[in-house]
Each structure stands twice: as C-alpha cells, then as structure tokens.
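Q: Here it is: the structure, laid out below.
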Amino acid sequence: MNQPSPLSNCFLLYSRSFTKPTSKRIKFPTLEPKVALDPSIVGICVSSVIIHGYKCQEIEVKTQDGYILNLQRIPEGRVGSVDDGSTKQPVLIQHGVLVDGMTWLLNSPEQNLPLILADKGFDVWIANTRGTRFSRRHTSLKPSDPAFWNWSWDELVIFDLPAVFDYVYNQTGKKKIHYVGHSQGTLIALASFSEGLLVDKLKSAALLSPIAYLSHMTTALGYFGAKAFVGEITTLFGLAEFNPKGVQVAQFLKALCSYPGVDCYDLLSSLTGKNCCLNTSTIDLFLKNEPQSTSTKNLVHLSQTARDGVLAKYNYGTALFNLLHYGEVRPPVYNLSNIPHNLPIFFSYGGKDSLSDARDVQLLLDSFKFHDVDKLTIQYIKDYAHADFIMGAIKAQACFKLLEELPALFCFTSYKKCPL
C-alpha cells in the first residue's frame, strides 16, 4: 500500500483555447433569475457552471442500444490557461446510482471536484447515466415504455461507458482519459476494466467509495431494501422505472421506515452512513435536485450483489433463463484479476461509509494483491461516509489534500475534513 505524498506543483496551466466537439451547443433563452437557476429547465451548464464564470457545453451521445446520454464539458478554468490546449488532459467524472451529474456541483466552485479540476488545467467531462433526468431519451423508446427500463448496470458496462469514452477520446485528439467514479461509477468501471473494455483509452482511474461487494453494508435502509429488491419488489414495480419521487416508491420507503434502525427523518444518513462534512445548504440543494430515477432491474442487480457476495452479471432467476442469456446456468462472474496490473488506480474509502463498508473494500483490494505496487494508491479517510466524497465541504485551502502522484501523473484534490 502506497502512502499519499503531497505535491505542491503537480498541476500545469493550460491555455484558453480548446477544440470544440462536433455536437452543437444548446442555446438557452433569457430567463427570469429563479428559472435560470433551475437545472431541470436550463440544464446543468447554465444553472451550475456558467453562472460561476466557466465555459460549459451540453453534449449528447448515443449508445449502441439507442439511449441518448447527456454530457457536460468544462474545457478550462475561470482564468483560462497559457497553452494552445494540445497538452490538456481529459477527465471523465461518473456519478453513482439514484443521482446525476449535478451531484458533483452542489457546493461553491472551490469545493466542487469538476471545477477544481478545470481550474487546475484539465478538460473536464461529466457523465449522466441513462434514466436520469437529462438522459431520458431513446431512438425508439419512451420512458413510459417498460422496455426503456429493461437494463441493469451490466448495460452501463456494455453500452454507456464505452459510448462516452469513445466520444471523449475522439473529441480530444485521441488522448487517453483520466476517470473518476463514485459508488456505482466505480462498480461499472471495475467491471468494464475486467472485461478488457476501455483500458486502451484509459490513462488512470480514481475510484471513490468503491463498491464491488456489498455483503457487509451496515446501512439499515440498504440492508432491508436489498432484501426487498431481491424478492417482492419486482412484483410490486415490475421491471420498469424506479422513481424515488413517485407514489409507489414513497409507499415502499414508508414501509421500510417501520424497520428498526431506519430513520426516515434522515434518509440520507440511513442510506449512506453519518456524513461528517455536508453543509445544510448543500443538503438542501441536493434534495431539490436528487434523487433520480433508475431501473428497478438495476436495483435488483445491486441487491443480488449484496445477497450473493459475488461480482457477477444479472441473475435471471432460473437456470433455464440464465442458460438462454449466457449459455450457462449461472451468471458469468466479472474477474477483477483480469484488470491490467500496470493500470494506475487510486482507491479512496471512508471509515463511516455504510454502503462501501471497509470490510467489503478490503475484499475488493484483495483482487489487486498482484497489481504493480507503483501503480496502486490507497487512501483511507476515517471520518468520511458515502456522500462526503462528492458533496463534502472544504472550509479552507489548508484543508486540501493532494493525493499521491499516480504513475500517469494525474493529481487529484481530495476533500479532507478541516480541524476545528
């Protein structure tokens, strides 16, 4: 295990110039101030990036199975850069389940990872998974069609990530991509890497609150919810949309509230663990924008992972159905030992995280025991829970913690709880 070493000058300055992608920018009309700040109306760029003085583009990418995904591109920081953009490195940032790209942008610019990276000279791209509010389009299906929701995180591995990677790679002059994932964003990355996908376009990966195993999660809401999803939940909802703001899901959550240890007055903590570093204003903004829809099938798949303790493809429930889908009676396993041993990877996990429990993270890290020592960096933050990694506040510059310089020369600014 490598210990992070501070770097005082790890980021380069870059110029104001950048190569525009072929996709058209979305032009927004002049709106009243209240409306202009509503991401649901004007999108993430206008509401949460351009308003702070950054350039930002809304981009659409189509997957091979017909979903139209929304991306944001932040090509430079507020003060611009000093080169022609030819050395600017792309960074793709991927959110977790039940949220969208907005979840990275809920604090001030100095406290939001995408804007920090843009100010440090990176070409930043924010992904939005299928089914979330800005990625609810398809070439032939509508969100009201059950078939629109017939997917799990397997399809994110097979279709979403490759589509986004290919687009970013081609639009940035075929530069290899730094990847940052949180929660489900780490799961789909690990599964992709193990299948040999993306690695030819990948420069390094930073995985925050990594999940590959969920057997030890201590969140009461997650525990009882996982049991429900494996069982009666498919009967209740069918394999369609799981909308956390819908009536059916509200009734489901109300039923879960009767279980011991589930505090429905603090659902965020009941699900993620007690976060140490969230401002009240950040939580308020989070609740205005999140949670987002996903497919019921996706949550069933995550629950299978928690129940079975194996990182495998979706289990169709019977040997016959699995045989029809996979040619074998059990779902194929994602073999993490197949991940190239020379791939620069950074893991960061928290001691108070009830979803990415430290015991499950250790089980994950066991898969990397033969990884090249100088290509693997691990950070443990004892006070952090699941949401702190994306929404935790930084109260002063002294609280920035520069992580170890990965072999790919990718430096991150990680959040660190400030001493009182």
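Quick reminder: no glycine exception, Cβ is built from N, Cα and C everywhere.
Just so you know, TrEMBL annotations are computer predictions that nobody has curated.
OK, TrEMBL features for this one:
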type     : residues : note
DOMAIN   : 90-368   : domain 'AB hydrolase-1'
ACT_SITE : Ser183   : active site, nucleophile
ACT_SITE : Asp353   : active site, charge relay system
ACT_SITE : His386   : active site, charge relay system
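I'd like to know what surrounds each of these features in this structure.
A: Ser183 (active site, nucleophile) has a Cβ environment of 26 other Cβ atoms inside 10 Å.
Around the Cβ of His386 (active site, charge relay system), a 10 Å sphere holds 31 further Cβ atoms from the protein chains shown.
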Q: Going along the chain, which residues six or more apart from Asp353 (active site, charge relay system) have their CB under 8 A from its CB?
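A: Those within reach of Asp353 (active site, charge relay system), by Cβ under 8 Å and sequence separation of 6 or more, are Ser209, Thr272, Gly273, Tyr384, Ala385, His386.
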Q: Summarise the model confidence on the domain 'AB hydrolase-1' (90-368) as a single mean pLDDT, whole number.
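A: For the domain 'AB hydrolase-1' (90-368), the model's average pLDDT rounds to 87.
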